[in-house]
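Reading through the structure tokens given below for one structure.
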Amino acid sequence: MSFQSINIDKWLKNAVAAQGFKKMTPVQANAIPLFLKNKDLVVEAVTGSGKTLAYLLPCFDKVTRRDTDETGLGALIVAPTRELATQIFNVTKELLAYQPDSLDGGKKLVADMYIGGKGTLTNDLASFREKNPSVVIGTPGRLNEMLSHISSKHLEILILDEADTLIDMGFQRTLQSIISQLPKQRRTGLFSATMNDTVSSFLKIAGLRNSVRVSVTVTSKKIDTRTPSSLAIQSLVIPPIYKVQCMIHLLCTIEYEKAIVFFSSCASVEYFNSLFLTYKLPFEIVALHGQQVQSNRSRNFEKFKKSNKKTVLFTTDIASRGLDIPNVDFVLQLDPPLDPKSFSHRCGRAGRAGRAGVAIVLLNDGREEEYEELLRVRKVPITRIDTPIEALDLSRLKVLTHELRKIVSKDRDLYDKGLRAFVSHVRAYTKHHASFIFRIKDLDLGQLATAYALLHLPKMPELKDTEISENIFKKFDIDYATIPYRDQVREQARRRRLEVEKTEPKKLARPAKIKNEAWSKQKEVKEKRNTRREKRKSKKEFLKAQKNEASNNLKQEIVSKAGAQETENDDLIDEESDALSELEEDYRQLKKSKKRKNQASFGFSM
């Protein structure tokens with residue numbers, strides 16, 4: 001189905017044609033005609049399927065055709081991240097550039113973007129009043145603030161892009177506040193790559209009671225999947241001691257224009273970006289994560305997007321959803337995502353719009369290998385790379401590890417960042433939603449520390465009762481106090497602190513425990529300890545009883561309320577249980593799959 005066959009304004013058809021789009025994707029062919037017929041839509045489609053144009057074209061067409069006396073805000077588009085909002089705004093500007101100088105009724109469209117972390121609310125309100133935009137794109141927090149100061153009575157369309165991410169990131173209450181400030185007589189479009197129970201329960205709150213559902217999946221060899229057929233998803237099982245070095249091996253040997261590497265924490269992104277900038281690899285590295293200041297985030301995102309040479313983006317899940325970055329051929333997940341739902345979104349940064357792509361996830365050998373079956377249960381087709389470990393040239397990987405540790409031993413900034421990255425990775429590992437697969441007690445922390453090129457192990461609770469063999473992790477032979485900062489200002493400040501510590505007396509330490517203390521004294525201390533323990537226990541039981549009573553009162557209050565308010569509060573209470581039920585169902589399906597495999601291996605018939 002071509003864009004020329006749909007009933008939209010001529011200038012929009014010209015704009016799409018000028019961008020090189022001739023035929024609509026399946027999601028566009030299904031969604032656009034329904035939107036033009038004033039239907040509320042709930043659209044589920046795989047990443048890279050053209051969802052942005054599927055809502056922008058109807059938005060522009062409807063706002064253009066408004067009555068002449070209706071001016072001001074006509075369409076509101078909400079995105080979960082600043083990067084996605086910026087991307088939508090850029091596409092919007094490209095399309096609106098094809099507007100003729102004068103439209104029927106003189107209603108030329110103006111678009112603007114408002115996101116957090118960039119300017120103040122006062123500046124954004126001034127910009128809104130000056131430009132009087134008919135199409136507004138932004139992130140939930142800033143849009144919610146602005147709506148209490150501007151008029152939205154002529155709003156025609158509300159779009160929630162990447163709706164599941166909006167909810168997963170904790171924006172549900174903010175979205176409710178936004179929706180409560182908008183006119184009820186509007187069209188609403190909810191677009192998402194996945195449709196889980198939490199999103200489904202949010203539909204009524206969003207005013208989508210009689211919506212039309214559009215679900216576009218990829219069918220390949222009679223198997224429905226949630227990823228593009230042009231994307232090859234693979235796993236590589238490897239001991240954690242070689243994980244980081246294997247990442248470098250893959251980035252240096254696989255053919256690609258642009259690649260994205262996903263880490264589990266911002267600290268890991270910072271550390272490995274700094275480390276490999278020093279190591280000088282044969283490609284450019286750009287870092288992007290949520291703890292960067294907005295100016296750096298925007299600059300780095302644009303740098304990676306516009307790069308015309310071999311470039312790798314080190315990032316977190318901030319770049320896993322919705323972003324359309326051209327020429328990304330390869331996605332590597334050093335760490336699987338904490339939420340299994342994010343896996344397909346990460347992979348989907350490659351293989352967009354029919355372009356061939358490869359996505360590889362590195363799994364630790366052992367229990368993590370079950371992650372492959374969990375993904376298949378979730379309709380993500382994944383195949384294992386059967387490359388033997390020996391083929392990776394282990395001697396070269398060991399040399400690389402030693403070289404990285406030597407670099408760290410000469411730069412205190414890297415030394416500090418490495419320890420923070422290791423700690424943050426271990427703590428993130430304990431927060432995996434699929435905890436029946438990712439268990440901290442099964443993770444070889446000594447091997448992981450070696451892969452991170454640490455000089456010594458940090459002090460942390462997870463290592464308290466763990467014995468690390470010197471064959472696995474050996475401390476680097478150096479006086480850690482002598483490691484300097486490359487930045488002379490920081491190094492001089494550090495040395496001044498050391499001098500002060502030497503000259504000033506140390507703070508009085510807690511008195512050491514007397515081992516041969518009198519028995520009567522020990523008994524008295526023990527009795528006091530037991531008394532305190534009983535008090536804490538009583539207080540805990542009292543608070544628990546109060547919490548249960550408050551919960552029961554809340555449930556009774558919710559039951560007594562009617563209509564939409566009842567549904568709204570019920571959904572908020574059940575949100576966590578929905579997510580838990582989904583994971584429990586995954587676990588049951590995983591056990592069934594393993595059972596069928598075991599029976600098949602012993603020749604039993606089902």
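Cβ atoms here come from the backbone N, Cα and C positions, even for glycine.
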Query raised in the report: Per Swiss-Prot, which of 149-152, 161-164, 465-468 is motif 'DEAD box'?
Result: 161-164
Report task. Examine the ranges 1-29, 30-58, 88-116, 349-377 and name the one recorded by Swiss-Prot as motif 'Q motif'. Result -> 1-29
**Report entry** Per DSSP, three-state class assigned to Gly50 (ATP binding site)
**Finding:** coil
Query - Folded-back contacts onto the motif 'DEAD box' (161-164), same chain, C-beta under 8 angstroms, at least six residues removed - result: 51-52, 55, 77-80, 84, 88, 190-196, 198-199, 202, 321-322, 341
Report summary line: For the motif 'Q motif' (1-29), the DSSP helix/strand/coil residue counts are 16 helix, 2 strand, 11 coil
Requested in this report: Would you mind listing, in sequence order, the residues at least six apart from Lys51 (ATP binding site) in the same chain with a Cβ closer than 8 Å to its Cβ?
Outcome: Val27, Ala31, Val43, Ala45, Asp161, Phe191
Query raised in the report: How does the compositional bias 'Basic residues' (529-539) divide up by DSSP, counting helix, then strand, then coil residues?
Result: 11 helix, 0 strand, 0 coil
